[in-house]
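Peer 1: Structure incoming, see below.
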Amino acid sequence: MFDGYDSCSEDTSSSSSSEESEEEVAPLPSNLPIIKNNGQVYTYPDGKSGMATCEMCGMVGVRDAFYSKTKRFCSVSCSRSYSSNSKKASILARLQGKPPTKKAKVLQKQPLVAKLAAYAQYQATLQNQAKTKAAVSMEGFSWGNYINSNSFIAAPVTCFKHAPMGTCWGDISENVRVEVPNTDCSLPTKVFWIAGIVKLAGYNALLRYEGFENDSALDFWCNICGSDIHPVGWCAASGKPLVPPRTIQHKYTNWKAFLVKRLTGAKTLPPDFSQKVSESMQYPFKPCMRVEVVDKRHLCRTRVAVVESIIGGRLRLVYEESEDRTDDFWCHMHSPLIHHIGWSRSIGHRFKRSDITKKQDGHFDTPPHLFAKVKEVDQSGEWFKEGMKLEAIDPLNLSTICVATIRKVLADGFLMIGIDGSEAADGSDWFCYHATSPSIFPVGFCEINMIELTPPRGYTKLPFKWFDYLRETGSIAAPVKLFNKDVPNHGFRVGMKLEAVDLMEPRLICVATVTRIIHRLLRIHFDGWEEEYDQWVDCESPDLYPVGWCQLTGYQLQPPASQSSRENQSASSKQKKKAKSQQYKGHKKKRKMPVGKKPVSLSSLPMTGGVRRSFSGDEELTPPPYRTLPAQTAPEAFPPPSTSREFSPSLKTVTTLQLKEELLDGEDYNFLQGASDQESNGSANFYIKQEP
């Protein structure tokens, strides 16, 4: 059971050294005639045997032995690296606030010295740009303007149980009254006035001052959880003046009578609303805590990392062996990718032993009870077995659901999964999912729900049929009853806006849209970007946040690509001409790799295996630095979070102007089998179509 754990102390210097000692490919001999045909370059040294040159590494070889029908690459790794580098160039443009190009320029292989020089020049350019204009891409973006101008609808805060106020949002809705600063006033002191919520978008609300009736001239957006938003009655209790806006101050002679009439029966925030906001933003994790987290360069194992900072419940983890503290990984504290120290040993998961023999001063192990709990399962009866087939979201290409195989059964219900046709020979790209994970599905799930299933690379018998594939491979499908079929009434709808983590670059949180709903599975699209960047995410994923979350926590939000380019005079014309890149469709296109994946040297690959896959990050070249995010200091002590605690304060009615509270009952939705974009509540029925 623990053989995988012991193997993780293996010396990987041989493979890493070969990857890091990348040499420039020698040019072709001048005596070889070169023939170009439809973009392909062939050499005929003897005039008989057809030769080809790899477009990625420049290696010359026999054309028939080259990879793919077009014979453009010498191996699978070069094909993937070509695609990965193209995507990297697009992401670099994205981080710099540039619009996506029609076709990203491929980053060709270069000697390490040349790469370091280019990187140093890039850093100098960033510093110069920072002096002249900072955060150009963000200052022009406003959630309020974005929603108003396009009539978008944002997902309600109650859809995000892990977010601040997610479980105690109460009845905050339109027509709720609050006391806010009066910006339409010439007085030298700060004064307040009453405003009502016209539209709600996540934490953000469109407010209108009382007395403007249907006039929207001075409407403004603000974050309801902000420090300047108070329940009606706060000014009286705090001795703050209520002054009507200058635009309408002569509209009524008796403002007191007007307010009494307008506020009779109206709702306001609970008196302890600000306290609840503060409490919901207290996090039990602290800097210097040690955890086990997935190794972003070797998915099959975990490593020890230390909490560097906490922002809104998101942890910046620095791998313990990182001397300069730049080798980091971002995830939420409830992410299934982090665990307590000793977790890997307890379930038989592979683990990379640290070279550090003892804890550094101030570092301490995170208490196990702070981590997200997984559902207990009974493995004594019928259970998953090695070799069983299933369908799974590829963690390195989250826009696809692929044919997968159970490679190892661990303890406590955990499974090691491999993507058929794309696995490395050493199993370094296997990934760990729990048996109850919403990211694995029984055979036939995609067909039933009209999702395109990605077949194994190299599988030519198309269209793909599970029945034939199981027979050809001598495999069996994992029993349907072992999968998680619970579908919560999550509240998401197609078209809703939110803020979502780009899991291929987990430091980035972007403006996003829900484009499909399959039971509890959501397809998240990043606004302004091609569909190939879409992600399949569970409705309860801690990587989804309400509109306004970044503003509330101080995290940097990545705006839509089109918004970033508006300051460029020619951006509008470029956006119209920009062609969408085709989405990966399995065998017809190259497999998309994570952002920043380095081109793998052929000499580092085993003869019988594929390329070692990883999350984000270039193993040779440190990626360009992101803007520094404000670190949130953790309080000295927080009580551990309780999943059973539910606090749902109703809105307090205005004093002497009370009205009955209207509690909104949750809607019930019937489960529609095969209705791809329908939301469902309750258990889903999964099955596989049997064919003779």
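Every residue gets a Cβ built from N, Cα and C, even glycine.
What TrEMBL shows for this protein is this:
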type	residues	note
COMPBIAS	562-573	compositional bias 'Low complexity'
COMPBIAS	574-595	compositional bias 'Basic residues'
DOMAIN	45-80	domain 'FCS-type'
REGION	1-32	region 'Disordered'
REGION	558-652	region 'Disordered'
REGION	672-692	region 'Disordered'
REPEAT	141-245	repeat 'MBT'
REPEAT	253-349	repeat 'MBT'
REPEAT	351-456	repeat 'MBT'
REPEAT	464-560	repeat 'MBT'
Peer 1: Looking only at the repeat 'MBT' (464-560), what is the model's average confidence as pLDDT?
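Peer 2: Computed over the repeat 'MBT' (464-560), the mean pLDDT is 95 on the 0 to 100 scale.
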Peer 1: In the repeat 'MBT' (253-349), how many residues does DSSP assign to helix, to strand and to coil?
Peer 2: 22 helix, 36 strand, 39 coil
Peer 1: Using DSSP, what's the helix, strand and coil tally for the repeat 'MBT' (464-560)?
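Peer 2: Its residues divide into 19 helix, 34 strand, 44 coil.
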